[in-house]
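*Asks:* Per TrEMBL, transmembrane segment is recorded for A:12-36, A:42-62, A:74-98, A:104-125, A:137-160, A:166-185, A:197-216. Among the features that TrEMBL reports, domain 'PABS' is placed at A:212-446. Positions annotated as S-methyl-5'-thioadenosine binding site by TrEMBL: A:Q241, A:D315, A:D349, A:A350. Per TrEMBL, the feature spermidine binding site maps to A:H271, A:D295. Annotated active site, proton acceptor per TrEMBL: A:D367, in sequence order.
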Amino acid sequence: MSKKESGAQWLLLTAVFVIATCGLIYELVAGTLASYLLGDSITQFSTIIGVYLFSMGIGSFLSKYFNTNLLAWFIRIELLVGMVGGFSSALLFIVFPMAASFRIILYAIVLITGVLVGLEIPLLMRILENKVAFKELVSRVFTFDYIGALLASLIFPLLLVPHLGLIRTSLFFGIMNVGVGWYLAYRFSKDIRQGALLKVTAILLLAAQVVCFVFSEKIMSFSEALTYDDNVVYSTSTPYQRIVITKNKHELRLFLNGNLQFSTADEYRYHEALVHPAFSSLSKPEQVLVLGGGDGLAVREILKYPTVQQVILVDLDPAMTQLFSRQRMLAKLNDSSLLNPKVRVYNADAFTWLRNNKIRFDAIVVDFPDPSNFSIGKLYSTSFYQLLKHALRPDGIAVIQSTSPFVAPKSFWCVDTTLRAVGLHTVAYHNYVPSFGEWGYIMATPTPPQEWFGHLPSPLKYLNPTTLQQMLTFPEDMKAHQLLDINKLNNQALVKYFEEEWGKYLER
Amino acid sequence: MRRRSFIQCIAGLTVVSSFLPSCQQQRVISGSIIGASAHTGHLLRDKNFAAPVTVTEHSVVVVGGGISGLSAARQLHRQGITDMVILDLEKEMGGNAACGKNQISAYPWGAHYVPIPNNDLTAYIDFMRECGVVTSPTDAPLPTYHDYYICFDPEERLYINGQWQEGLVPHYGVPDAERKQVQAFLHQMQVFREAKGQDGKDAFTIPMDNASKDPAFTALDTITMKEWLHQQGWTTPYLQWYVNYCTRDDYGTNYDEISAWVGIQYFASRKGKGVNVEHQDVLTWPEGNGWLAGHLKKELQPYFHNEALVARIQEEDGKLSIDYFDVKESRLKRIRAQQCILAVPQFVAGRILQDEARIRKVHQHIQYSPWMVANLRVGDLEERTGFPSSWDNVIYNSPSLGYVKATHQQVTQEKAVRNLTYYLPLTGGQPAEERKAAIERTHTEWVKMIVNDLDKVHPNIAEAIEEVNIMIWGHAMSKPVPGMAHGNIRQELAASVNNRLHFAHTDLAGNSLFEEAFYQGLSAAQKVITQLSGKI
Ligand SMILES: Cc1cc2nc3c(=O)[nH]c(=O)nc-3n(C[C@H](O)[C@H](O)[C@H](O)COP(=O)(O)OP(=O)(O)OC[C@H]3O[C@@H](n4cnc5c(N)ncnc54)[C@H](O)[C@@H]3O)c2cc1C
C-alpha cells in the first residue's frame, strides 16, 4: 500500500470518527430539545434513540443500491448530514409554535440523519474494501465509530450545552460535517466527477452555517439562557414584547419582557381568584370582556359559567393569542378556551378598542401586565377607568389584577383610589400564589350587588366559600397607611409608586 | 481553493456580517424639504403683476389664514357676517400652526402646544370649551381640562452630564452653589408671576398688552435678558443655558438679544388654574396647534380661498381693491371689499400696501428669525441612561431645542416606530444670512446635522431614522427685542388705515403665541363689526 493510499485511508477513518460524533450529537440535541419542548424526557430520549438506530438500519439496507461513484456519494451524504443536522435545532425552535407539525418535523429530522449516517459506514467500508484487509477494515471502522460516540456523549452535557447552547452546538457540528465533506472533495477532486460542484456546495453550506452561528445569539440571546433558571423552550420577539416560555420537570412558565406571567404549578390560584369572586357575584353573566389575558387562562375559568353567551378577548399581541390557541401544549393549559365558539379574539390596543366600543358588559376582566412603565401605566389611569365604567352595565362588575399588595401596597391601593375617583365602588382582595407571592385584585362596579359571592362553579382547585371570605381581609403590612394620588395620564402616579416599591423590593 | 483563502473567506464573511449595520449609515434617508411656499411668497417681491382678470364684491376680506386670521374670521362669522372671503397663499389654512400626517400619526410643522389658559381669558376658554378641551360648564368656579389633551406624563427630560434627568431645569450634576442660583431665579419668576403694578394690573400677563404699564416693570424692556441676569448676579452657565433655551424655544431669539421684560414674560405670564391642572401644565395634541386650528376652521370652510397670494391692496372710491394671484390658475383676481383684515406678517403687509414708510419702519425695527423644523419617522431608538423617553426631549448645550414626540398623546401602547418633531431656531448668526444658508442647504446636509445632534442621545439614530421631512420657516416669528413690548412701534404699525383696513398678527402682539394670535383676531374682528354696524 502506497503512502498516498494509506494517507487517504486515515483521512477516511477520521471522517468516520467525525460522522460518528456528529451523528450522536444530533440525536442528543433532538432528544434534549424534545424533552425541553414536550416534557417527559424518558419517553423522548428512548423514542428518539430508537428511531435513530432504526433509521441507521434503513440506511445500511439502502446502501446496497449505491453502486458507482461511491466516494462522490460519500461526500454528498456527508454534506447532507451536515446540513440537516446542523440546522436541526434552529429549525425545531422556529417550528415549535406551529404545534401540530412539530413532532412530525422532529422525527423526520431524526429519521433523515439516521438514514444518512447509516448509509455512510457501509459505503465507506466498500470504498476501502480493496485497500485494506477485511478484518483490519472492520476493526478500524468500528473502533473509530465507537470512539466518536463516546466523545460525543461526554462533551455534550459537559461542554457543549452549557457553553454553546443547543442551536450553536448543532450548527458547530454541522460546520464540522460540512468541513470534512469539503476537505474530502478538495483532496480527492481528481478522483471524483463533479468535484468542483461539490466544493462550491460545501462552501455555500459552510458560509450559511457560519452566518447562522454568528447570529444565533440574536435568535436566542445568551443572556436569556442565563436570566431564566429553567430551559427556555420557546422565545420570540414581537413588535410589542418578548415572549419566553421556560420549562422544568414540574412546571412551565410564561414570561413577557422578563416578567413572570404564570407558572403551570399554581396559575389556577391566580386565575380562579381573578375570575370567580366577580362572576359568582353576578346573577347571570352573559356578555363578558377580557382585556389582556391572551393566554386564555382567565377565559378557561369564565367558560365554567353556562350563562355566558359571549366572551370578547382583546389582547394587543397576535403572537400571544395565536400561540395559546394553536400550540397544542399551551392550548391544553387553557382547555382550548380561545377556540371556543363563544369566544372572539381581537388583537387591538385595549385603550383604543374600549374607546370605540359600544357594547355594555356584565363582567370585564382586566389582566394587564403590571404598571412597570409609562406606556402600560396609561391602562391604569382615570381616563381608562372612565371608559371601563362606561362599558359596564349598571350592575356589571369589572375585576382588575393590581400587583402585589405586600410588595407594593401603595401601588395596589393607588389602583383602588383611581377606580373610586371615577365613581366606581370597589372591593379589594388578595390571595397567595406561590410563584408571585401575595397577589391583589380589585373588583369595581357602578352599583354594588345586594350580596357579594354566590355559587361557585365546580370543579375548582383553589376557591371555596371560606377562602372567598378570607381573601377580603388585609393585614397591616398590606395597607397603604397614607393618602394616595389618583393615577392620571398626566401624572402617572402609579408607575412612580410601582417603581419605588418594586425597586426597593428587588434590591434586597 | 487553498485552505488559507478558504479561511480568509469565512473570516471575511463574519467580518462582512458584523459590518452590515454600519454600511447602512451610508444609505439615503428619504424625505423632502417643504418650505412654507417661499417660492410663491417671493412672487410678491419679484413679480410685476398684470391687471386683474376678474372682479368680485364682498363685504369683508381676511388676508392670511393663520391663527390671527382664522380667529378673526370665526368671530365675524359668529356675528352674522357671511359675505366674507379668507385668502391664504398656502394649500391649507393654519399658518405657523400647520401640521402633517403619515401612517403613524399626525405631527406639527410649527406650533405644538399651548399652556393652560389664564383664567381671565374668557373668550379663549369658551373656545377651548367648544373644542372639548375644557369639560366643565361656564359657571364652574375653575375649569376642568380633558385628560386626553393635558400633556401626558412623562413630560420633559434633559440630557445633561451624561444622563437624562426629569424636567428641563438643570439639576443633575449641577454643583450646589449653582443650583441655588437656579432656585433663586425660579423664585424671582414666581414673585413676578404674582406681581401687580401701581395701576393694579398684573405685571406680566397674556395678552401682553393687558400688562401693567408701571415703569418699575416696563423698564425691563430697555435691557436684554442677559444683561438683567448679570445685574442680578446670576452667572452660572447652567442658568444662562436654561434661560437662553427658553427664549429660543418660545421666541426664536437668543437671551442676549431679547428684551428682559419679554424674557420674564415667558416665565411669569402663565398663571392658569384648573381643577386638574397647574399653571405649568401644557395642552398638546399629536398635530400640535394644528388641532386647534382645525377647530377654528370648522365653520369657515365656505369662505376659504387657498393658494391665493395677496399682491396688493389699494383704496378706490371708498372701497378696498384687493388683488390676489390665484396660484392654481396663475391669474390675478380682484375683490372689492368694504373692510379688510390684514392678518399677515408686517414685512408682507408693507409690500402688499406698497407703503414705503411702513416697509422702512418694519425693516428698521422688526427682525424675523428663521427656523427649521424636521419631522423624523424613526424605528426603535437606543436610549442613554436616566429618565425615560418623554414628550419634550432636550439636549443640554445643543444648537437645537431637541425633539417633541408627536406620538406622545396617543393613548395606545407605545410602539417602536414614532414621529419626532425636531426644532432648530436658526439663531447662530444674522437672520438674513441664516435664512440664505438654510434655503441653500440640501436635504442630505440637514439630515447630517440632525443625526450629529441626536447621535449623542440615541447612538443608533443614523440606522433608526426612516424618513426625514423638513420645513424651512424663513420668517418664522418677529424677535421681541428691547422696546418691542413697551415702545410705540407696535401701536404705530397696528393702527387701522382709514377705518377700512385693520391689522391682526402676532408680529403686532409683540410675541408669537397662540393666545396672542387669538386675541389679535378678536380685536380686529371687533373693529370690522363696529365699522359695518356704524354704516348700517
Ligand atoms: C416653529 C414654530 C413653533 C412655534 N411653536 C409655538 C407653540 O408651541 N405655541 C404657540 O403658542 N406658538 C408657537 N409658535 C408661534 C406661532 O407663530 C403662533 O402661535 C401663531 O400660530 C401665529 O399665528 P398668526 O396668524 O399670527 O401668524 P401666521 O401663522 O404667520 O399666519 C400668517 C398667514 O398669512 C399667510 N400669508 C402670508 N403672506 C400672505 C400673502 N401675501 N397672501 C396671502 N396669505 C399670506 C400665511 O400663509 C399664513 O397662513 C411657533 C411658531 C413657529 C414658527
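Using N, Cα and C of the backbone, Cβ positions are placed for all residues, glycine too.
Just so you know, TrEMBL annotations are computer predictions that nobody has curated.
On a predicted model such as this, the values are computed, not experimentally measured, just so you know.
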*Asks:* Compare the Cα of A:H271 (spermidine binding site) against each of the recorded positions A:Q241, A:D315, A:D349, A:A350, A:D367 and report the nearest.
*Replies:* A:D367
*Asks:* Do the transmembrane segment (A:42-62) and the transmembrane segment (A:12-36) share at least 3 Cβ pairs closer than 8 Å, excluding pairs fewer than 6 residues apart in sequence?
*Replies:* yes
*Asks:* Grab the same-chain neighbours of the transmembrane segment (A:12-36) for me: Cβ-Cβ under 8 Å, and only residues 6 or more beyond its ends, written as numbers and ranges.
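*Replies:* Contacts with the transmembrane segment (A:12-36): 44-45, 48-49, 52, 74, 78, 81-82, 85, 88-89, 92-93, 106, 109-110, 113-114, 117, 120-121, 124, 127-128, 140-141, 144-149, 151-153, 156, 160-161, 166, 169-170, 173-174, 176-177, 180, 184, 231-233, 247.
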*Asks:* Which chain-mates of A:D295 (spermidine binding site) that are at least 6 residues away have a CB under 8 A from its CB, listed by sequence?
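*Replies:* Correct list: A:L254, A:Q261, A:F262, A:M320, A:F324, A:L330, A:L333, A:N334.
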*Asks:* Give the nonlocal contacts of the transmembrane segment (A:137-160) in its own chain as ranges (CB under 8 Å, at least six residues past its ends).
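*Replies:* Distant Cβ neighbours of the transmembrane segment (A:137-160) are 13-14, 16-25, 28, 121, 124-125, 128-129, 169, 172.
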*Asks:* Report the mean pLDDT of the predicted model across the domain 'PABS' (A:212-446), rounded to a whole number.
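*Replies:* Summing pLDDT over the domain 'PABS' (A:212-446) and dividing by its length gives 91.
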*Asks:* To the nearest whole angstrom, state the Cα distance for the pair A:D349 (S-methyl-5'-thioadenosine binding site) and A:D367 (active site, proton acceptor).
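*Replies:* Computed Cα spacing between A:D349 (S-methyl-5'-thioadenosine binding site) and A:D367 (active site, proton acceptor) is 13 Å.
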*Asks:* Out of A:H271, A:D315, A:D349, A:A350, A:D367, which of these recorded positions shows the lowest number of other CB atoms within 10 Å of its CB?
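*Replies:* If we count Cβ atoms within 10 Å for the recorded positions A:H271, A:D315, A:D349, A:A350, A:D367, the smallest count is at A:D349.
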*Asks:* Between A:D315 (S-methyl-5'-thioadenosine binding site) and A:D367 (active site, proton acceptor), how many Å separate their Cα atoms?
*Replies:* 10
*Asks:* Over the residue list A:Q241, A:D315, A:D349, A:A350, recorded for S-methyl-5'-thioadenosine, what is the maximum interresidue Cα distance in Å?
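*Replies:* Greatest Cα-Cα span of the listed binding residues: 15 Å.
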*Asks:* What kind of secondary structure is A:D367 (active site, proton acceptor) part of, going by DSSP in three states?
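*Replies:* The three-state answer is strand.
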